[in-house]
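Per Swiss-Prot, the features are as follows:
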| type | residues | note |
| --- | --- | --- |
| COMPBIAS | 50-61 | compositional bias 'Polar residues' |
| REGION | 56-197 | region 'RNA-binding' |
| DOMAIN | 64-193 | domain 'CoV N NTD' |
| BINDING | 109, 125, 167 | RNA binding site |
| MOD_RES | 162 | phosphoserine |
| MOD_RES | 170 | phosphoserine |
| MOD_RES | 177 | phosphothreonine |
| MOD_RES | 194 | phosphoserine |
| COMPBIAS | 215-227 | compositional bias 'Polar residues' |
| DOMAIN | 260-383 | domain 'CoV N CTD' |
| MOD_RES | 389 | phosphoserine |
| MOD_RES | 424 | phosphoserine |
| MOD_RES | 428 | phosphothreonine |
């Protein structure tokens, strides 16, 4: 005997309020809208099932694999799809515990083009299939398959296939996914259709609240075509909005001196322990020069602060607020207040000391060690980050210095001997008389004062 999810066992009664004649829940879900046409005007004709997110290609032909349940969609990147052992099998009436076994299949959804021309990939959606059905019907429980997560009830026999019929979307609608109490849904995922009501159910509830005088109007409303909301429209709209915001946010913003000054002043107005250094307000403006008590930061990281590309991996080592208070040694110290001319106030310091322990199994260990070695005590290295550039000179002083340099750079011919140095001065009568005695003709030439005649 094959079991049909959503149908009561023999002898059971199905509620006329929540179920139709076949016992299937009639709550409209996104999965149902995927499988049904845009309206219900094709009465009397067999609905042609559309290809759903679980449609799989097989040898050139399309073979649809319809899950009995609505999907689970991922909305946060980087999250893993997983359930605890014994959890993860959706609840369905008429399915005994021994048949509650199967797998969740990851469907990588299509991408779309954003207004700025970029391709965006929708996050995947997961669908449940009983063991022995679906796209991996021939797989055994626990096989290592990419994009497959196996789940089973603690009472289920995973060595045999589930005796569950395949779902025909023309006669059976998808069942809203529900789990047993205590089941923990994977973080970063949500169940399709949870917390959402279809437009038809909303209009029906409104018509019932209006009273008997408006029954004719409510019945006419119920004959309205079903909502033409396309599958994944909510995700597409959200993605388009985010893409638009991302486009605007991604445009380069012009940073003026005034805006940079305002950002810097806003940061410096905060308490010291609440400041976040960045390009507009570097590390040394926030926390002072590097030294023995503040010994972290190389030249590049001191300029960029937390905007440095290497900073996020270091942030993994930062303690949480709880670790800071409960995992550190704290000491409250009263400091001297300001000078005599300043108002009297009590100043305290909450001094702390602690340690962050990690080993080589930490993800990114090699990179963390490299960044730490480059930035610890970087101020002690030659040409380190704490080298202060000379202050610029004023214009008047700079011009005077340039003139002085020009005078200093003038090349002056040096005398070759002491005689040449003496000739450069004016000769006295005594000098002329002495020279006349030395010369044969007794006459001192007029050009004797010139260095070239000596």
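In case you wondered, yes, glycine gets a Cβ from its N, Cα and C as well.
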Nearest of the recorded positions (109, 125, 170, 177, 428) to residue 162 (phosphoserine), judged by Cα-Cα distance: 177
Cα-to-Cα gap, residue 125 (RNA binding site) vs residue 170 (phosphoserine), nearest whole Å: 22
Counts by DSSP class (helix H/G/I, strand E/B, coil) across the region 'RNA-binding' (56-197): 6 helix, 39 strand, 97 coil
From recorded positions 109, 177, 428, the one whose Cα lies nearest residue 170 (phosphoserine): 177
Entry from the binding-site residues list 109, 125, 167 having the most other CB atoms no farther than 10 A: 167
Residue 428 (phosphothreonine) versus residue 109 (RNA binding site) - Cα distance in angstrom: 110
Averaged pLDDT, computed only over the residues in the domain 'CoV N CTD' (260-383): 86
Counts by DSSP class (helix H/G/I, strand E/B, coil) across the domain 'CoV N CTD' (260-383): 51 helix, 16 strand, 57 coil
Between residue 428 (phosphothreonine) and residue 177 (phosphothreonine), the C-alpha gap once rounded to whole angstrom: 123
Lowest local Cβ density among 162, 170, 177, 428, which the record lists as modified residues, within 10 Å: 428
Annotated RNA contacts 109, 125, 167, maximal Cα-Cα distance (Å, integer): 22
Separation of alpha carbons, residue 167 (RNA binding site) and residue 177 (phosphothreonine) (Å): 15
